[in-house]
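Once you've had a glance at the structure underneath, I'll fire off some questions.
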Amino acid sequence: MSENKFIGFTRNELLQVSAAWGGWILDGYTSIAYLLVFSYISVLIFPKYLGYLALILTLLPVTFGAAARSVGSVILGNFIGDRKGRKNLLSISIIGFSVLSAAIGLLPTYSQAGIASPILLYALLFLDGIFAGAEYGGGTALSMESVSPEKREQAGAFVQSGYGTGYFLIVFVEILLLRSMGSAAFASYGWRILMLTAIIPGVITLVIRRLSKETEVFDRMKAENSIEKSPVRKMFKNRSSIVFGFMITAGLLFMNTATASFYPVVGSVDFLNLGSGLLYALLVINFFSLIGVWSGGILARSFRDRRRPMLIFSIIFTVPTALFVIFGYTTNIMDFTIVFSIQLFLEALIFSALPVFLAESFSKKFRSTAVGLIYNGGAIFGGTAIVLLTAPAHIINIRTLWIVEVYIAGIILILGLIFYKKQENTSDPIEN
């Protein structure tokens, strides 16, 4: 008798995939939460005399947070994920990730603690990045090793949609808080409540992960005594995959930061000043991104080569960049919403194929470490997008900056995909 299935997955497969999905939800939830409240943080955590510089200093951790994630992916992936198990890694990472994210809501103001206030902010975000860095590599390994080859595109798209789901949830929560307490109270202390709610998806995900199982792939390695003693050292023998993998994730994550993560910034009081309409626009835009990532998972199943759908989707997204910026950068909330909904839908198509592409590119012996490092290493470059867009915005037209920077990132992504060469192997690459 066949096991009951839900959206194409068995109960066990769905549990495994959901365990990874929860980490993506928390990532989207906390990342966008910070970008939604950065303007409140900048005036409370930094001295007032800094002016616009305080805004830049508040956004700067988005960049070095990505560096912390790379450190975390190597340390936690190398010593836990590829040696002690994917489940063990993810159970530890989600605790640190959620607790440290929520702790931002407890920071003292500059008037209360002086210079210690911004120092604590930076320290929390760096430590938060360490634990967050383990999520992508560990989650990708857990989910992709738990489903059969024909289900991986669908599973990868579902897991990847977690970020958009977290994005959607945090915007919805902010709308509820603003409606219940008003904008003045939210600016004073409501943003702290928003950050503290990060503990909720963290606890739910931890419960799911404790109920999940270690992957059979890792269990077989353990039984065969074939676990690599130094996964990170072994990983760097595959240099071409590392280099072109970095190009792919760097280009893609720069584009993502310059779009999905930049929309809350560009619509804020410091730029377009779209007011309360911005939150509703973000809900709609992100809804279309979710449709995009799910659609991409379905479309990617038509290709045997995991790289090809990403290449096609990347070209389709990159070419009309100038049109998106020209027509989307406007105070007309309807135009802003429609144009950027289309843009993010196309971008989400690319992301749908990323988890399975990266998982099948690296050996099971160092998959958690390699995938985490490639993704988070690319995020270092990607994380510079907001600062590179906002810092020169007073002297260079922001539309011009936006168009040029996204085109450069798109070219890097496309070249990485063109020159990337997958190692030929007739067997299932997940088992290698």
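A Cβ is built for glycine as well, from the same backbone N, Cα and C atoms used for every other residue.
Source: prediction; values computed, not measured.
In case it helps, TrEMBL gives these features for our protein:
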DOMAIN    16-424  domain 'Major facilitator superfamily (MFS) profile'
TRANSMEM  21-43  transmembrane segment
TRANSMEM  49-68  transmembrane segment
TRANSMEM  89-107  transmembrane segment
TRANSMEM  113-134  transmembrane segment
TRANSMEM  155-177  transmembrane segment
TRANSMEM  189-208  transmembrane segment
TRANSMEM  242-266  transmembrane segment
TRANSMEM  278-299  transmembrane segment
TRANSMEM  311-330  transmembrane segment
TRANSMEM  336-358  transmembrane segment
TRANSMEM  370-395  transmembrane segment
TRANSMEM  401-420  transmembrane segment
Answer yes if the transmembrane segment (278-299) and the transmembrane segment (155-177) have at least three CB pairs under 8 Å among residue pairs 6 or more apart in sequence, and no otherwise.
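The answer is yes, given that the two segments have at least 3 Cβ pairs within the 8 Å cut-off.
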For the transmembrane segment (311-330), name the stretch out of 21-43, 155-177, 189-208, 242-266, 401-420 with the most CB-CB pairs under 8 Å.
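It is 401-420 that shares the most Cβ pairs under 8 Å with the transmembrane segment (311-330).
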Six or more residues out from either end of the transmembrane segment (370-395), which same-chain residues have a Cβ under 8 Å from its Cβ atoms?
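Same-chain contacts beyond the flanks: 35, 52, 55-56, 59-60, 62-67, 69-70, 72-74, 76-77, 81, 133-138, 140-141, 231-232, 235, 238, 242, 245-258, 261-262, 265, 271, 358-359, 361-363, 401-402, 405, 409.
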Select the range from 49-68, 113-134, 189-208 that forms the most Cβ-Cβ pairs under 8 Å with the transmembrane segment (242-266).
49-68
Could you give the residue numbers and ranges of same-chain residues that sit at least 6 residues beyond the transmembrane segment (49-68) on either side and whose C-beta is under 8 angstroms from one of its C-beta atoms?
34-35, 38-39, 41-43, 118, 121-122, 125-130, 132-133, 257, 261, 265, 270, 376, 379-380, 382-384, 386-387, 390-391, 394
Which of 21-43, 89-107, 189-208, 401-420 has the most Cβ pairs closer than 8 Å to the transmembrane segment (155-177)?
21-43
